[in-house]
Amino acid sequence: MTEPTAVPVTDPTPPQAPPPPADRVLFGIGLMLLSVSLLPIMEGLAKSMSDRYVVVQLVFARFAFQSLFIVPIAALRHGRELRRANRLALQITRGLSILAGTGFFYWSLRTLPLADGLALMFVAPLIVTAISALFLGEQVGARRWGAVLVGFLGVLVILRPGLGVFQPGAVLALAAGCCIAAYALLTRHLSTAAPPLVTLAYTSLVGVVGTAILLPFVWQTPDAADWIRMAVMGSVGAFGHYFMIRAFEQAPASVISPFIYAEIVMATTIGYLWFGDFPDAFTWTGIAILIASGIYLSWREHVAQRQGRG
């Protein structure tokens, strides 16, 4: 699961800054596509082991192996900021949000196809926009509210409540989306507190500590093959998120963000090849509605920043 996935990202590029060179933009897009190609592998590996291990152990493995990669790089590139622990309480809260979101998502994958679960996670930008308007005083115009309502219609198309196809795992995927929305809002508040790589390092460490507390009560010793799967799961997740951070360093968020939705293509491919799952026509329709709403919200966010209005 992509942490910053599908959330309107505040564009760090100031209005007066010249646009980055075209080759940097293309490089950033390439990094983002590489990122969203790797992350579904992590999620697919989690799903493949979900019938043998409890969610807590899978989440621990993901963050533990991710930390082995991310924390040393953060220490080398931003050692002073990492040691300073600026706004630590918010960093911990942010880490707990993604920890809960990961747990709910992995739990949902026990019963949901990979693409369906990921699609329901795309509810996050809708929630971010609604919370920003209702509770944070952000001006959100009628067009963005319309996109939110259309996006929730897409959720209903995927869920189809009352038609006998609703799965309880969908509630868990939606809960994961709510946690990711909280994570995204906290990320906005922390955007000036520390470099993104430092924040990701804190997130990884919070995930390790938060699950390690419960681990002695649920631990099952993996066999050699599952140790490899867990190591690959965490390492692929680390590379995926690192490439995503690098992508946003190369080009404006308004350019990069829409490519996040390409993750659904890789998730569908893995779901079909590994588990024999393929979304039906109704699910594809709902996914298309959700993605269109998310891309429109991202674009309107960019326009609002440039024009200073909602």
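Quick reminder: no glycine exception, Cβ is built from N, Cα and C everywhere.
Annotated in TrEMBL:
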- 1-20: region 'Disordered' (REGION)
- 1-10: compositional bias 'Low complexity' (COMPBIAS)
- 11-20: compositional bias 'Pro residues' (COMPBIAS)
- 25-42: transmembrane segment (TRANSMEM)
- 27-159: domain 'EamA' (DOMAIN)
- 54-76: transmembrane segment (TRANSMEM)
- 88-107: transmembrane segment (TRANSMEM)
- 119-137: transmembrane segment (TRANSMEM)
- 144-163: transmembrane segment (TRANSMEM)
- 168-297: domain 'EamA' (DOMAIN)
- 169-186: transmembrane segment (TRANSMEM)
- 198-219: transmembrane segment (TRANSMEM)
- 255-275: transmembrane segment (TRANSMEM)
- 281-299: transmembrane segment (TRANSMEM)
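Each residue in the domain 'EamA' (168-297) gets a DSSP state, and the totals come to 110 helix, 0 strand, 20 coil. Note on the transmembrane segment (119-137): residues 1, 5-8, 105, 108, 112, 144-145, 147-148, 151-152, 155, 158-159, 170, 173-174, 176-178, 180-181, 184-185, 261, 264, 279, 283, 286-287, 290-291, 293-294, 297-298, 310 of its chain, located 6 or more positions outside it, place their CB under 8 angstroms from a CB of the stretch. In the domain 'EamA' (27-159), helix, strand and coil residues by DSSP number 111 helix, 0 strand, 22 coil.
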